[in-house]
Every structure is written in C-alpha cells, then in structure tokens.
C-alpha cells in the first residue's frame, strides 16, 4: 500500500538551531517578554483536577461491560492521559513552582504521572532538556527517530502503523540512541507508580487498571492530539525545522502547539506563549504553521515524500552536557 518514499536519510545540517538567535533578537526588541518568564501556579490546580477526574473515571468504569471500558478509554481517558503528558512537559520546565523550587516540580511531576499507569515523568525531563539544548543532535536528541524507523516505515501502510505504535517507539528509542544510568528519582517514580497501580487494582479491579493503561497507549498513538508529535519538527517544508500549530486543541495541551515560541522561550509557561506570539508577531506570523493536527497525520501517511527520515539532524560540536 503506497510507494516507498524517496528519502533515504535524514536532512543533515551544519548550522546551529535557529531558536537561540531568534530569542536574543526578540528580547533585544521586546524586553517586556522577560516578565513572562515566571511560573504558572494555576497549573498546579489544573493538574490536581485532572488527577481527580481520572480517579473518578477509574471508579465509574469498574463495573461496565468491556466494550464500554474500551470506548471510554479512547473517548475520554486517552484525552486526559495525553493532556497529562503535556502537563508533565510543562512541569519538566519548572512551570508549576518555578526554577527556585526545582525539586517541588520533580515531586509534582511524579504525582501528575500517577493516572498514566506507567512511569514517565522523571525520564521525560532528563531527555527533554537534551532535546532543547541539542535539537536534532546526533546520538543525543531522542526525539529523532532511529535509522531503522526511517528505513522500515517507508510506505503509507507502514507509516500508519508507526503512528499507532508511537508510545512504543518513544519508550524504546532512548535505550537505543542515548541510554543513561537510572537515577534515584527514576526509581522513586517507578516505585510510586507501581504502588499506585496496585492500589487501583485492589480497590476497583482489572477494568480500572485496563482503562488507565489503555487510555495512555491509545492517547499517545492514533489520536488527534498525537498530531503534535509530527507537527512539531517533521520537515514538511525543506529548511524549516520547527512548526507551530494554532488550532483549538491547544486548549487541551497547554499550548504545546506554539512550538516555535516554546523553543525560543522554553522558560515561559504554555499559557503565556500566545502573548509571546502577539508581542513579536512579525517573527512568527510568516513561519510555516498548522491549523489541524488531524490533517498533519493524514498528510504524513499519504505524502510519499514524508517519512520518519524527514527530520533535520546535526553533528554536535564542542562539549555536550546532559542531565
């Protein structure tokens, strides 16, 4: 199904990523943007409410027929779960309590992780900081697919399967590209998560645990919100490395669609990124952008010139510092 795409390797570039230079230029012109570099304390209450919503759902599905458990896992649980991964993304940037209380953010991330069913928060933070510092860095940025993914998922049908299996590739890719020693916080994240899962099983049974895990897997796979995985950095237009999305799903995703703005100012919480775009409109209005993540998924599968290879990749120079 579908022809093999023409691309046979990543787009290797030998320039630095554009975000640091643009940040410097924007701040020189609009120094008032520095006032937005502060924590979003409302994030704390939003996350608490999301955890409570999922706990309520775990209770409500415990006696349903399996078909309804699956239905609600996809229709409701998947949206909350994917949204929570993006809340964890915000927390990884210390947006909840600020940089002065970094450990508060780590503990809060572990709390936010609980309704996902699988430990995620601490490992994500370690690798995500590399993604910002060394965007596209060979052997460092695990957001870049492996050579196997680029080589194998090269037809329309295989690209569709690749989208369905996104959670698997995001989990296994760091072990292939840039394995790191397990940290103490990762062990705590794992033990807290296993304890939570056991408690849910003990209280409400297997259907609640299935709903929790299925919602996470389905929400990160073939799902409208998952269009952001591809929209952010896959090169639909040659020479453009990062793309923003300005559609309504930003309301569920803490404005992660404002991705050029986020990479330019990673220490500004998602709620303030639309204001960054408004203040520095001339820097963002003419950059390539999307209004539909569903269309991004469709175009990725159907466009035979796009594949997991459609990423900019760079050899890093000088000293590399990782978390």
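We count from 1, first residue shown onward.
Cβ coordinates are placed from backbone N, Cα and C, and glycine is handled just like the others.
Now, the feature entries from TrEMBL:
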DOMAIN    5-43  domain 'Sphingolipid delta4-desaturase N-terminal'
TRANSMEM  43-61  transmembrane segment
TRANSMEM  68-87  transmembrane segment
TRANSMEM  107-124  transmembrane segment
TRANSMEM  187-204  transmembrane segment
TRANSMEM  210-231  transmembrane segment
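It is 68-87 that, among the stretches 68-87, 107-124, 187-204, forms the most Cβ pairs under 8 Å with the transmembrane segment (43-61). Sequence-distant contacts of the transmembrane segment (107-124), counting only residues of its own chain at least 6 positions beyond either end whose CB sits under 8 Å from a CB of the stretch, comprise 44, 47, 50-51, 54-55, 58, 80-81, 84-85, 87-89, 91-92, 96-97, 174, 183, 185-186, 188-190, 192-193, 196-197, 209, 212-213, 216.
Shown for the domain 'Sphingolipid delta4-desaturase N-terminal' (5-43): DSSP residue counts in helix, strand and coil, namely 19 helix, 3 strand, 17 coil. In the predicted model, residues of the domain 'Sphingolipid delta4-desaturase N-terminal' (5-43) average a pLDDT of 91.
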